[in-house]
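Enquirer: OK, Swiss-Prot features for this one:
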COMPBIAS  1-10  compositional bias 'Polar residues'
COMPBIAS  68-84  compositional bias 'Polar residues'
COMPBIAS  92-104  compositional bias 'Polar residues'
COMPBIAS  126-135  compositional bias 'Acidic residues'
COMPBIAS  219-234  compositional bias 'Basic and acidic residues'
COMPBIAS  318-332  compositional bias 'Polar residues'
COMPBIAS  354-366  compositional bias 'Polar residues'
COMPBIAS  468-484  compositional bias 'Polar residues'
REGION    1-293  region 'Disordered'
REGION    313-366  region 'Disordered'
REGION    433-487  region 'Disordered'
TRANSMEM  635-655  transmembrane segment
TRANSMEM  657-677  transmembrane segment
TRANSMEM  687-707  transmembrane segment
TRANSMEM  711-731  transmembrane segment
TRANSMEM  753-773  transmembrane segment
TRANSMEM  786-806  transmembrane segment
TRANSMEM  811-831  transmembrane segment
TRANSMEM  841-861  transmembrane segment
TRANSMEM  863-883  transmembrane segment
TRANSMEM  918-938  transmembrane segment
Amino acid sequence: MSSSYGNNGDKNNHEKFGFNLLRKKPQQPSNRSERRADDSSSSEDEAGPSSNYVSSSQLNLPSFRPSGGSTDELNRANRTNVGSSDARYSPRTASNTESGNRRQQMIEDDAIATIRDNSGAARCFDDDDEEEEEHQEQKDSGENPADISPRTSGVTKKLQFKSHPSIIPEDTATQDGGEYYEEKDAEKEDQDDSVSTQSSESKMDHFRHLFRRRSTARPHQETNDGRNSAESHSKGGMRNLNGADDEVEDGGFLSKFLSLTGGGLTPAVNNTDPSGENDHERNAGQNNLEDPIPMSDIAATAQQIVQAHSMMAGKSAPGTQHGASGSASSEHPNGEHNLGTEAGVTSPFEPVSPFNQSTDGETMVSSHQDDAFYVPATNHYDDIDDPDDLEPLGIEGSYIAPVDRVRGGVLGSLLKLYQNQDDQYTKSQLSLNDSSIEQTPEPVDQAGKSDQKTGKKIYNPFHKHSKSQTNVSGANKSGSSMNLPNFKATRPKAAAKNLVKAKNFKKKAAAEARITVHIADLLQRQRFILRLCKALMLYGAPTHRLEEYMVMTSRVLEIDGQFLYVPGCMIISFGDMTTRTSEVQLVRCNQGLNLWKLHGVHSVYKQVVHDIMSVEDANMEIDRILTGKNLYPPWVSVLLYAFCSSMVTPFAFGGDWINMAVAFGIGLCVGSLQFIVSQKSNLYSNVFEVTASIVVSFCGRALGSIPNSNICFGATVQGSLALILPGYIILCGSLELQSRNLVAGAVRMFYAIIYSLFLGFGITLGAALFGWIYHDATNETSCSKNISPWFRFIFVPCFSIGLGLINQARWTQLPVMTLISCCGYVVTYFSGKHFANSTEFTSAMAAFVIGILGNLYSRIWKGFAVSAMLPAIFVQVPSGVASQSSLLAGVQSANAIVNNSTTTVVQDDLSGSMSFGVTMIQVSIGISVGLFASTLFIYPFGKKRTGLFTL
């Protein structure tokens, strides 16, 4: 094809787009580039043909030369093209040709400077497939590539700007090979044709060609900007070469105006946004795009996401043990999972378990095993399970072997719950707010897609679904698995997305509910242990085995607990192996005695241990017991106290019928102080024993001083104080010392001794007060008249019944209590006849019989041994004290105080008080030895079955 076609086409196109505006002043030297070209024409004439080409050193440019080519070769090609154009257009003279060549070189120099200042692009490359396709079409059609440019100037998608060969990177030319030289030759021919056909307006024509090529090449430059930006920076692209000085020298007004207007005065040609050319945010992070993608990092990240979110879609089933754990499949052992499918992960609907068993740090989303809430039990350093330590009271059912695992603590469960929520916001910047994985829509980077055609599909930011979105429903539907970001464009269906979102929401809620239920269940179990401990302490359980009861209870409930008992306080520590922490609780209460409520607490404990009653129901039952009222109101207890005082006086202290009546009246006074006044005033309760002993001693000596009244001072005083004697306190202390609970036993025993001294001091003070008032007060401590011993068969059962009722026993418990008490007293009576003045031995024999009967009742009839044995023990204490008459030893000291014989007062008072304390200790030691011996006799080999409480 001739070049005239191209020129005509150019002319038409110029007139079409308004280029004739530039023809009005074609030769004005106002343009800075034209003036510089005219000034340099003389120097170029002297240089000769060898200086037709401007080297890169003159332009302060690096030597960008294609491999295999040089400047001389390019100059020879230029001269060849010029010669061919002269031959084609013979009317032109040689001078015109020379001037045309010089003008052509000046135009090219000015164009290069303008491009260097404004464009910064070396060469716009399309993808290999598109170039091959374009050149194949050109070869098939037989057209010259130089002829295509003017003909397709209106089509902006196929036009590219091919800059001077000297500014083309070397590696680019090496890759393109022959295609590059074809484009170069076509460009040269096009320029030579334009020079040969123009005279005075040739410069403006070349500028029009240049502007058209720049404007049409800009869309392709924007398309491949991400891929070529790193190359232009690393190879010294033209944008990096211009500085402040170069911009002032080379840039003209027209070039700056054109650069600001986006590449020309024809708005129809430019269809790109000029503001995005220097968008630093879009160009940021493009330095290492030519490096290969590290697939190992992607695999590691995928594995982490698999482990964190694998079981989110797994099926869970509620546990059967204590309602706290679920179940799941562990078919795949560790190391069996891989990044298998097209997306690189397994399916979310397949139960993936990175570990065979749940670990401490596992969340409930990724673990549904039955042992998800369990941790290994802590090896506590106690001697409860020491095989060398023989526990003589190891009765049936009270021993529970240590468990291998326990439930995790509250803190560990809360951390699992929070970790469960945090995992949805951490891994790989994925959003799990709506239980679906979506990636932020961003323009697709075309740099890494050399094997794909960019085509005509341009990113549309207003499209609803971008190609970079990855939705979990599409991945699940295609079976590509674990909801990782997929590089393939998928368009999920709304129905499937909503379905998966609902399923994931249900599974997330189920996981949180399971953790919440576990925490609630754990708190219920810990609360049950605390309430059980308080109830046992408050209602009079055997204190020497209280720690063991708590340990066995915690083992049954799978709670990691440690217990330390001191009188009046239980220190409880709940451990958490998950976080290596512990929670310490203190249970403090005054020890009391309530046989019926103690029986109810024991019943609840037994049902919980044998899995008959749930922990929630047990807590409600214990709360009902703790908040429930006593069986008998205080005024009934006062009458019962007086009744018991009158019943104990004949058979224990040798009183007659009159002394029984007097003891009843004084007992009413003492009972009122204990059950009414002491319950309303905490301050008075601290001095109750001393004040009660003072009142009893004062009233008893006053009544006994009445002439011819036959009132025995000693019988009435001891009978009235029999129910407040520290027999039970000393008994518990001796049992604790016998079971090697040294801390509690020593403290309780010392308190019992001081308590006895309080009573002795009160008796002495009351007798001395009445002696100061009445100088003829009686000094006799023994009774002259006694009731027949056969009446004791009536008094002892009545006293036992009264003791049971005062201690809030139900009437159904009274027959067993009365029987055991009568049997114990028979042994005490006949052994006292044979072993005179041997309190310890007599008490030991009686306690042995009482222990045998109580343990047989517990083993055969599955009864409650403690409630059956305690009234019988209380019967033994007054009998032992009465055998020594130590309680009235202070009366002699009172007489000495009244008679002002102070020389022996201190010694007598000390001996009297200490003798009473020693007598109480002797009785308690004999009782404790007898109880241990009876337990060993009933359970010779430590057989343990169902009996839970014993003395």
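Cβ coordinates are placed from backbone N, Cα and C, and glycine is handled just like the others.
Because the structure is a prediction, the values reported are computed rather than measured.
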Enquirer: So, do the transmembrane segment (711-731) and the transmembrane segment (841-861) meet, by the test of 3 or more Cβ pairs under 8 Å (sequence gap 6 or more)?
Expert: no
Enquirer: Among 635-655, 657-677, 918-938, which stretch has the highest count of C-beta pairs below 8 Å with the transmembrane segment (753-773)?
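Expert: Answer, by Cβ pair count: 918-938.
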Enquirer: How about the transmembrane segment (863-883) with the transmembrane segment (687-707) - do they touch, taking at least 3 C-beta pairs under 8 Å (6 or more apart in sequence) as contact?
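Expert: Taking Cβ pairs at least 6 residues apart, the transmembrane segment (687-707) and the transmembrane segment (863-883) are not in contact, as fewer than 3 fall under 8 Å.
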Enquirer: Below 8 angstroms Cβ to Cβ, which residues of this chain, lying six or more residues outside the transmembrane segment (635-655), approach it?
Expert: 661, 663-668, 670-672, 674-676, 712, 714-716, 718-720, 722-723, 782-783, 786-787, 789, 791-792, 795-796, 798-799, 802-803, 805-806, 825, 878-879, 882
Enquirer: For the transmembrane segment (687-707), find every same-chain residue at least 6 residues outside the stretch whose CB is under 8 Å from a CB in it, and list them.
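Expert: That would be 662, 666, 669-670, 673-674, 678, 713, 716-717, 720-721, 724, 755, 758-767, 769-771, 774, 776-778, 780, 891.
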Enquirer: At a C-beta cut-off of under 8 Å, are there same-chain residues at least 6 beyond the transmembrane segment (786-806) that contact it? List them, or none.
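Expert: Result: 595, 632, 637, 640-641, 643-644, 647-648, 650-651, 654-657, 723, 813-814, 817-818, 821-822, 825, 829, 871-872, 874-875.
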